[in-house]
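Down below is the structure, laid out as structure tokens.
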Amino acid sequence: MSNTLVHDAVFDGLPIPKRYFAALAILTGILMGALDTSIVNVALPTISHDLGVSASAVIWVANAYHIASAATMISFAACGSVFGYKRVYVAGLVVFTVTSLGCAVTHSLEVLVLFRGAQGLCYAAMVSIGMGMYRRIYPANLLGSILGINALVVAVGTVAGPTVGGVVVTVLSWPWLFLINVPLGIVAIYFSLRDLPADRDVGGTFDVVGAGLSTAALVAFVTAVDQAGRWSDIIIGVLVVVSILAGGLFYRSQRTLSAPLLPLQIFSFSRFSLAAITSLSSFTAQGLAFVALPFLLQYTYGRTAIESALLFTPWPLTVVFAAPLAGRLADKFNATIVSTIGTAIFAVGLAATALLGEHPTIPDILWRLAVCGLGFGLFQAPNNREMLSSVPKAMTGTASGILSTARVLGQSLGAAIVAVVMAAVAIPALRFGLDESTIMHGALWLASCIAAGAGLFSTLRIHK
């Protein structure tokens with residue numbers, strides 16, 4: 001148990017059953033947000049047809065949500081510290097629910113994209129604030145358990161999104177993809193107002209300049225990754241330059257301000273910093289594999305899109321099983337050791353997947369992806385526990401924002417690596433005689449190495 005946890009009262013948190021209803025309020029909001037990251041994708045062709053817009057235009061219904069949420073998590077974590085965690089979380093829930101209704105009734109692509117962007121902002125508020133609030137709801141010795149349940153909810157929402165979306169569009173119509181959020185949102189708002197702990201020790205000045213710079217840097221970076229291969233190299237290059245410049249100015253401003261958006265002293269806590277690096281590396285490996293695997297399964301092994309999706313399901317399903325188990329183990333044993341074992345299993349699973357032969361059987365593919373999911377599930381909740389519990393409670397909101405941002409940035413970096421490799425090998429002089437199969441296997445080997453590196457960083461904090 002870390003020194004920070006020892007300083008916190010062991011018997012803190014809310015009493016039962018108020019604790020469970022408060023957790024339900026957060027888990028419901030996070031489930032809504034997780035569903036909306038993927039539930040719309042399957043309906044994009046239908047939305048394109050109904051609104052009479054092109055496929056390239058309707059993709060922004062998904063992109064607006066992803067970019068808005070990825071770019072503002074740190075900013076909303078800071079909002080919680082200044083304006084109150086409960087206040088910001090409830091505001092995010094209310095606006096998310098209202099904009100869901102707006103998405104359902106609009107007949108304009110522009111308005112739909114605007115509402116989806118607003119939903120993304122609200123999801124950033126909910127996830128960055130909600131993760132940190134667990135530390136105020138649950139006793140320190142049960143923090144890992146609720147984080148494991150949180151990981152399960154995110155996995156279920158992400159996995160169920162395409163399936164639920166397909167059923168809803170087939171049986172009803174695409175507006176119902178958004179209308180299902182309304183009753184869920186009302187329930188979450190009720191329990192949030194009734195059971196979430198009241199705000200205390202909040203106030204100060206919000207760093208507007210820092211929020212603008214960090215948002216600009218992240219918007220430019222995530223957009224460059226999302227549009228790589230679609231937009232011209234010049235535009236992508238400009239976005240990368242903007243991201244670097246804005247990021248540099250953001251770092252400089254945070255060093256000089258008395259009330260920065262991101263207090264850099266949080267990185268002086270070595271266990272937190274190592275956990276953050278471990279998280280970023282692991283999600284980079286995950287993002288890389290998530291992009292490479294569909295190409296491997298469809299282009300190399302000739303599987304259809306539906307077959308590829310079914311073959312991929314062991315990964316998220318084992319996360320659903322492993323995440324709650326890992327959370328309980330992290331509460332009973334050393335969370336760092338549990339997390340490190342998870343990254344090691346994750347790296348082994350990726351390496352085994354990279355070793356797939358020319359004609360693998362279905363079981364050959366399934367067990368390898370199940371190992372990947374098992375390792376990732378064992379890693380996630382204990383590592384999140386480390387990040388949230390290794391800093392003073394006053395910095396929990398900031399830690400939660402960094403945790404969420406590390407996840408999104410890691411996944412984007414992984415996708416960017418694959419995009420860069422594929423763009424490079426499209427040039428005959430850079431292929432060196434390699435075919436697509438070799439390239440995708442190589443990408444999985446790289447993912448395995450990155451996961452192994454995450455495990456190495458994780459071991460450095462075992463005795464700290």
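Cβ atoms here come from the backbone N, Cα and C positions, even for glycine.
For 22-464, the entry in TrEMBL reads domain 'Major facilitator superfamily (MFS) profile'.
Under 8 Å from some Cβ of the transmembrane segment (20-44) lie the Cβ atoms of residues 14, 55, 58-59, 61-62, 65-66, 69, 89, 92-93, 96, 116, 119, 122-123, 126-127, 130, 133-134, 137-138, 146, 149-150, 153-154, 156-158, 160-162, 164-166, 168-169, 174, 177, 181, 184-185, 187-188, 191-192, 194-197, all in the same chain and six or more residues away from its ends. Look at TrEMBL and you will find 20-44 (among others) tagged as transmembrane segment.
Positions annotated as transmembrane segment by TrEMBL: 88-107 (among others).
Counting same-chain residues at least six beyond the ends of the transmembrane segment (113-134), those with a Cβ under 8 angstroms from any Cβ of the stretch are 22-23, 26, 29-30, 32-33, 36-37, 40, 60-62, 64-77, 79-80, 85-86, 88-89, 91-93, 95-96, 99-100, 102-103, 106, 143, 146-147, 150, 196-197, 384, 388, 396-397, 399-401, 403-404. For 113-134 (among others), the entry in TrEMBL reads transmembrane segment.
The transmembrane segment feature in TrEMBL is assigned to 146-168 (among others).
Listed as Cβ neighbours of the transmembrane segment (174-193) (distance under 8 Å, sequence separation of 6 or more from its ends, same chain) are residues 21-22, 24-26, 28-29, 31-32, 35-36, 39-40, 43, 46-47, 50, 86, 89-90, 93-94, 96-97, 100-101, 103-105, 165, 168. Annotation comment: TrEMBL describes 174-193 (among others) as transmembrane segment.
If one looks beyond the transmembrane segment (205-225) by at least 6 residues along the same chain, the residues whose Cβ comes under 8 Å of a Cβ in the stretch are 63, 66-67, 70-72, 74-75, 78-79, 82-83, 236, 239-240, 242-244, 246-247, 249-250, 253-254, 257, 259-262, 405, 408-409, 412-413, 415-416, 419. Under the heading transmembrane segment, TrEMBL lists 205-225 (among others).
Within its own chain, the transmembrane segment (272-297) has Cβ neighbours under 8 Å at 266, 303, 305, 307-308, 311-312, 339, 343, 346-347, 350, 353, 356, 365, 369, 372, 376, 379-380, 383-384, 386-387, 390-391, 399, 402-403, 406-415, 417-419, 436-437, 440-441, 443-444, 446-448, 450-451, 453-455, 457-458, 460-461, 464, counting only residues six or more beyond its boundaries. Annotation source TrEMBL lists transmembrane segment at 272-297 (among others).
Away from its own ends, the transmembrane segment (309-326) comes close to residues 144-145, 148-149, 151-152, 155-156, 158-159, 162, 293-294, 297, 303, 338-339, 342, 362, 365-367, 369-374, 376-382 of its chain (Cβ-Cβ under 8 Å, at least six residues beyond either end). Positions annotated as transmembrane segment by TrEMBL: 309-326 (among others).
Beyond its flanks by at least six residues, the transmembrane segment (333-353) meets 144, 271, 275, 278, 282, 285, 289, 293, 322, 326, 365, 368-380, 382-383, 385-386, 444-445, 447-449, 451-452, 454-455, 458-459, 461-462 of its own chain at Cβ-Cβ distances under 8 Å. Marked as transmembrane segment by TrEMBL: 333-353 (among others).
The transmembrane segment annotation in TrEMBL covers 365-381 (among others). Cβ atoms under 8 Å from those of the transmembrane segment (365-381) belong to residues 144, 147-148, 150-151, 155, 278, 282, 286, 289, 293, 297, 311-312, 314-327, 329-330, 338-339, 341-350, 352-353, 356, 451, 454 of the same chain, restricted to positions at least 6 beyond its ends.
Taken from TrEMBL, the feature transmembrane segment covers 402-427 (among others).
Residues 274-275, 277-279, 281-282, 284-286, 288-289, 291-293, 295-296, 299-300, 336, 339-340, 343-344, 346-348, 350-351, 353-354, 356, 375, 379, 383, 414, 417-418, 421-422, 425 of the same chain lie 6 or more positions beyond the ends of the transmembrane segment (439-460) yet place their CB under 8 Å from a CB of it. Positions annotated as transmembrane segment by TrEMBL: 439-460 (among others).
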TODO: Please work out the mean pLDDT for the residues of the domain 'Major facilitator superfamily (MFS) profile' (22-464).
DONE: 83
